[in-house]
Amino acid sequence: MLAFLILVTVTLASAHHSGEHFEGEKVFRVNVEDENDISLLHELASTRQIDFWKPDSVTQIKPHSTVDFRVKAEDILAVEDFLEQNELQYEVLINNLRSVLEAQFDSRVRTTGHSYEKYNNWETIEAWTKQVTSENPDLISRTAIGTTFLGNNIYLLKVGKPGPNKPAIFMDCGFHAREWISHAFCQWFVREAVLTYGYESHMTEFLNKLDFYVLPVLNIDGYIYTWTKNRMWRKTRSTNAGTTCIGTDPNRNFDAGWCTTGASTDPCDETYCGSAAESEKETKALADFIRNNLSSIKAYLTIHSYSQMILYPYSYDYKLPENNAELNNLAKAAVKELATLYGTKYTYGPGATTIYPAAGGSDDWAYDQGIKYSFTFELRDKGRYGFILPESQIQATCEETMLAIKYVTNYVLGHL
């Protein structure tokens with residue numbers, strides 16, 4: 001056994017070697033009351049390098065909301081002076097980002113093998129997709145639906161008992177590279193499917209009657225970059241013509257109101273929509289797969305973080321979907337079910353009004369393809385840790401999310 005347990009010391013330097021160290025950086029939360037406050041934050045963002053965590057961009061700030069953003073150490077005093085001089089109410093969520101990053105891992109001594117209760121790098125996840133498939137050939141098959149900009153295979157797991165013409169649910173994780181709890185959930189879902197099939201009645205029924213297409217990591221290149229260079233990286237790693245700025249926001253790259261609102265045409269921005277809809281190899285691979293399997297896919301679930309929300313269309317427009325009442329009731333019930341385990345409170349509603357307008361999202365695109373049950377899950381937390389959710393919260397987060405996913409699945413199964 002010891003021959004297979006190679007222990008390595010993991011520190012921030014080794015997990016993110018030769019990259020950003022984040023020493024002394026802070027995460028602020030500002031209370032925004034009115035348009036004047038919004039204008040002030042626009043002014044701040046134009047003069048300082050601000051990394052917006054929630055919302056994703058300064059352009060998405062709304063009155064009567066809170067705004068979370070990261071500030072580099074050398075800009076801290078200037079930002080604090082600006083906030084105080086303009087009487088903007090704020091608090092510091094994270095006082096030293098490096099310290100929180102170091103504490104994210106439960107232990108500095110880690111096994112090199114896969115663990116469902118720890119964050120796994122892409123090399124480990126890739127090996128896991130092969131292993132979990134080979135160990136469960138009667139439940140799981142693996143295919144590569146495309147490659148990333150840097151040539152990594154985009155693996156999709158088909159989870160379910162083999163059968164003809166089965167309806168399916170598509171679920172993806174890892175759109176935004178820094179949202180590590182998202183990646184962890186797709187792995188946890190597969191774990192639950194494997195462990196509880198034949199023992200737990202709902203999962204057994206689901207896998208007998210449905211297939212789950214599970215995409216563990218879409219933005220593989222970006223995810224690798226968060227482990228090797230910059231933990232706060234969000235976008236893909238594709239090059240852009242005419243600039244040294246790298247990457248596109250994959251969740252602004254779908255042909256759903258593409259680049260009309262809540263998205264940027266500037267390749268240097270975190271919400272850059274790309275040179276065209278589906279310009280990214282990753283989003284094109286996902287969209288092609290769904291288009292090719294549209295007759296069987298009955299629900300689309302995309303997992304993100306953070307803010308504890310279940311969202312449904314639309315985000316690119318304030319219009320409501322045709323089955324708004326049904327989606328609202330389903331989201332409400334799923335949120336209630338989720339809270340039964342640990343009391344975690346989620347909000348729910350249409351994306352544009354519940355969180356912020358954002359064009360080019362995969363959930364809106366899937367809905368417009370005719371998949372009428374389309375949801376975005378924004379997992380824990382509400383900002384205490386933000387994208388740096390500790391490993392100690394992986395299990396609880398995944399367990400409660402499973403309740404909501406299973407509730408939605410059961411509903412979809414009953415409304416085919």
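Even glycines carry a Cβ here, placed using N, Cα and C.
Annotated in Swiss-Prot:
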ACT_SITE  Glu378  active site, proton donor/acceptor
BINDING   His176, Ala177, Arg178, Glu179, Arg234, Asn251, Arg252, Ser305, Tyr306, Tyr356  substrate binding site
BINDING   His176, Glu179, His304  Zn(2+) binding site
DISULFID  Cys173-Cys186  disulfide bond
DISULFID  Cys245-Cys268  disulfide bond
DISULFID  Cys259-Cys273  disulfide bond
DOMAIN    118-412  domain 'Peptidase M14'
SIGNAL    1-15  signal peptide
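Confidence annotation: the domain 'Peptidase M14' (118-412) carries a mean pLDDT of 98 in the model.
Under the three-state DSSP scheme, Cys245 (disulfide bond) falls in the coil class. Across the structure, Cys259 (disulfide bond) and Cys186 (disulfide bond) are spaced 28 Å apart at their Cα atoms. Here the CA atom of His304 (Zn(2+) binding site) lies 24 Å from the CA atom of Cys245 (disulfide bond). Arg252 (substrate binding site) and Glu179 (Zn(2+) binding site) have their C-alpha atoms 16 Å apart, to the nearest angstrom. Around the Cβ of Cys268 (disulfide bond), the same chain contributes Thr243, Cys245, each under 8 angstroms and 6 or more positions distant in sequence.
Of the chain residues outside the Zn(2+) site list His176, Glu179, His304, Gly174, Phe175, Ala177, Arg178, Ser182, Arg234, Asn251, Ile303, Ser305, Phe387 have their Cβ within 8 Å of the site's Cβ mean position. Within 10 Å of its Cβ, the residue among the disulfide-bonded residues Cys186, Cys245 with the fewest other Cβ atoms is Cys245. Closest to Arg178 (substrate binding site) in space, going by CA atoms and restricting to the recorded positions Cys186, Cys273, His304, Glu378, is His304.
Cα-Cα distance from Tyr306 (substrate binding site) to Cys186 (disulfide bond): 16 Å (rounded to the nearest whole number).
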